[in-house]
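A.B. asks: Sharing the features that TrEMBL gives for it:
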- 51-73: transmembrane segment (TRANSMEM)
- 133-152: transmembrane segment (TRANSMEM)
- 164-189: transmembrane segment (TRANSMEM)
- 220-240: transmembrane segment (TRANSMEM)
Amino acid sequence: MVPAHVPAPLQTAFTPPPLSLAQEAPYPGRYTSLSAHHVVIRSFPDCNAHWQLGCFGIATVAWILTTLSMGFVEWRMWYMDSTAHYPPGMARVGVWKVCIYHRNSSFDRATSCHRHTYWDAYLPLDIRVSQHLLLAASILGLLGKAVMVCALKNVYVADFRTCATYYLITVAGFLNVAAGIFISIAAIWNYCAVMDEEGISFPPSFSLPFKPDKQEVGNAFLVACLAAVMSLSCGMFFLFSNTPQSNKVRPKIWEM
């Protein structure tokens, strides 16, 4: 016999308990949805990350200037008057090359250029040391850029990892500071050598005296100083603005 009344099956709606932010967004920067409400979570880096991105651009310019300063020959400008042994003219002494200009020809075009090597005995100590310092600064700056790219990738592209990003930015800061110190040593040593009017015993085939009648610092010195200031500034910012708290993301939540 069929009962007169059959109660309808009980329908219960299960609402999941609210989750914490760590449970809602185990992967920052991704989306999480619930059955009752659609919750969208997006993690954004703080303002320090944007400043670090700007410093990365400045560090890139500093590395380019460092590389250019190595190839410039205007580290020391020598001006010679006419003597019985040497014709009048001008010489531009660089870290890797010296170019000689004579007044009987156009100063826009060098009469002759001679490249330096590590084994040239006539080079003074400051030029030989500057060769190594500038080369090391260029390599350190390049490494610092590569490390910073990995750090910024963690911030803007991949899953944000506080410890990994913190150490990467710290390493990039040390590399940029070291590069800036190396450039500064080379630039200051060159400036002191010019102010002290130190001479260079070039080979007789160069037709250059031991000391010129007048010498001054060239444009390469200014380029190197600018590169040093930019590298040091970016490196110090990376170090002092990089704290575990500043690397944390700030989640923003929208309910759909």
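Glycine residues also receive a Cβ, built from the backbone N, Cα and C atoms like all the rest.
TrEMBL entries are annotated by machine, without manual review.
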A.B. asks: Mind checking which residues reach the transmembrane segment (220-240)? Cβ under 8 Å, same chain, six or more beyond either end.
C.D. replies: 51-52, 55-56, 58-59, 61-63, 65-66, 68-69, 72-75, 94-95, 134, 137, 141, 144, 148, 169-170, 172-181, 183-184, 186-187, 190-191
A.B. asks: Which residues of the chain, 6 or more past the ends of the transmembrane segment (51-73), have a CB below 8 A from one of its CBs?
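C.D. replies: Tertiary neighbours of the transmembrane segment (51-73) are 92-99, 113, 134-135, 137-138, 141-142, 144-145, 148-149, 151-152, 155-156, 169, 176, 179-180, 183, 218-220, 223-224, 226-228, 230-231, 233-235, 237-238, 241-242.
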A.B. asks: Which residues of the chain, 6 or more past the ends of the transmembrane segment (164-189), have a CB below 8 A from one of its CBs?
C.D. replies: 52, 59, 62-63, 66, 69, 95, 126, 129-130, 133-134, 136-138, 140-141, 143-145, 147-148, 150-151, 154-155, 221, 224-225, 227-239, 242-244, 247
